[in-house]
Amino acid sequence: MSQDSQHGRWTISSSDDDDEAIPLSGTTTSGPHRPALSSHGSHPSASPPSPKVEPVTAAVEVKPEPANAPASSLVVGSEARQSAATNQLNPVKCETSPSLAGKRKKEASDGSGWALSDSDDDDGDVKGKGLVKRGPPSPKTKKPKEETERPPSPHGRLYYIDEPEDFFESSVPCLNDTYRFYLNKVTGLDRKYNSGALHIRDILSPLFGTMKESVQFNYCFDLAWMVKQYPPEFRDRPVLIVHGDKREAKARLLKQAQPFPHIRFCQAKLDIAFGTHHTKMMLLWYEEGFRVIILTSNLIRADWYQKTQGMWMSPVFPRLPEGSDSSAGESPTFFKRDLLEYLASYRTPELEDWIRRIKGHDLSEARVYLVGSTPGRYVGSDMERWGHLRLRKLLYDHADPVPGEERWPVIGQFSSIGSMGVDKTKWLTGEFQRTVTTLGKSSLRPEPPMHLVYPSVEDVRTSLEGYPAGGSLPYSIQTAQKQLWLHSFFHRWKATATGRSHAMPHIKTYMRASPDFTQLAWFLVTSANLSKAAWGALEKSKTQVMVRSYELGVLYVPAAFNMKTFPVHKSQFPVSSSAGFPVPFDLPPTCYSPKDQPWIWNIPYSQPPDTHGNIWVPS
């Protein structure tokens, strides 16, 4: 069957399953297609050549990973992690299709040959063919496998290059201490665009505190890589991993940790089908105090290499004096109370020590509001505790109305899209729009423009990673063909002010901008994509809200910074003392042209090839 729209023609086979019964969260997809690459390219360069590209003519069927698979086998992890690098053991889960396990078919010296198999989690019987990269024939004599050998990226082993030492900070960097919102460093950018940005090695370095213990909340982990990001002097300090893995995926994660006795685990309860533990947060306990980092990156190298990510990093919160009252150390935004409530929602003993520690610290310097999601069905006043109704409550209580607010557009920017119904009123311009258009106690319920920023095919094709970047943008054809109405909202990913137009976004941000895009009424950075699973959906005549996934973000409201609105910072790099807010992409957003298509991850793209000479072929 085929589907036409002003944004292109898509074709899928008639055997494609209907996914209506599989609610597509911001982090999961289903369906039989798995993307593949055909490449005649090699190592990326500033000006890659345009080699002849031939389509993949056959697919390789991939069997599920056996329990005794060799350590060098490639399992594609979170967010269609074709490009995830692992060490001895497999990264776990697939943010585009949870727990997708793959096996490398050959061990060529150039690292070509990689595959993605069917899902082993509980979101449907997904029987995908293989994800294959074609390269030169393997030599007859196979290269001996090394236990510590890292599997290839989609581009081969040479794709990831070691950053120069000056890529990482040797002294405390110049940071924007007003908003404490930072982008990640991106390999391959002009150095000025990484000034004031942070790599995970910077965050965990002794420059920010003397580490005693830490907690890593996340969705996808490469534990060997993660451990190497800690400086040598902190590398054996206790780490608690908070995850949502089950069954085989959990077993793989535990196996990853076998060489690291200092790592312990906490499994998040996921009692509602198709939910995920998508929260990304670090709790860092120092000799000097305690720090919280809420971010958008998985704990795998691909997420910290050539993607646009964001984070809020708290100041170091000092200890309270002995005998302080239990309510001491609260911020004007009630950040401490809300963080403790979020941690308590896990209902797990592994976090009890951390809850006690946080109670003993002064978090009064926090100036952001916490916006979390936890799985459950909520009624009455509990409906406003989580998800988009939590955001609505905060905007009602703490945001201020602005003159002419009906003309202030809402902007949403994300890396994954769920199923939202047969027309826009079912969720997007219904309950969700009512949330994001709330400004204080104004009775006005406007319907301002809504701009949704999501990369086009051309954005992905010309990106630093090329088509493999699309593995982290899991908008499926099965979902897209049911909501063609959505595509009229789409805008290109352009980020010239931050130098990141070619670093595809894994960051998720939402905001309300003035008609001339010079002011913001509020700003949110979060793990939550555009999906009902992440944000929640009303049920039972709007008397109940159901949330499937764990998510976490921080909301910036001008009043908490003694401002009426946030001015937009137009020139962010290098970092300056400007009072403007550092929006990570260009404003105003650029609307799709009639020729633009939203990136759909499970249909082929063969002409033209990407920046590395690859084509993208679902098998």
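Quick reminder: no glycine exception, Cβ is built from N, Cα and C everywhere.
Positions annotated as active site, nucleophile by TrEMBL: His278.
The active site, proton donor/acceptor feature in TrEMBL is assigned to His506.
Marked as substrate binding site by TrEMBL: Lys280, Lys508. The Cβ of Lys280 (substrate binding site) lies under 8 Å from the Cβ of Phe217, Asn218, Tyr219, Ile294, Leu295, Thr296, Ser297, Asn298, Ser527, Leu552, each of these being in the same chain and 6 or more residues away along the sequence.
The feature compositional bias 'Low complexity' is assigned by TrEMBL to 35-45.
Summarising the annotation, TrEMBL assigns compositional bias 'Polar residues' to 80-90.
According to TrEMBL, the feature region 'Disordered' maps to 1-156.
The feature site 'Interaction with DNA' is assigned by TrEMBL to Ser531.
For the recorded positions His278, His506, Lys508, counting C-beta atoms within 10 A of each C-beta gives the highest total at His278. A separation of roughly 13 Å, to the nearest angstrom, links the Cα atoms of His506 (active site, proton donor/acceptor) and His278 (active site, nucleophile). Put simply, Lys508 (substrate binding site) is 12 Å from Ser531 (site 'Interaction with DNA') when counted between their Cα atoms. Here the Cα atom of His278 (active site, nucleophile) is found 12 Å from that of Lys508 (substrate binding site).
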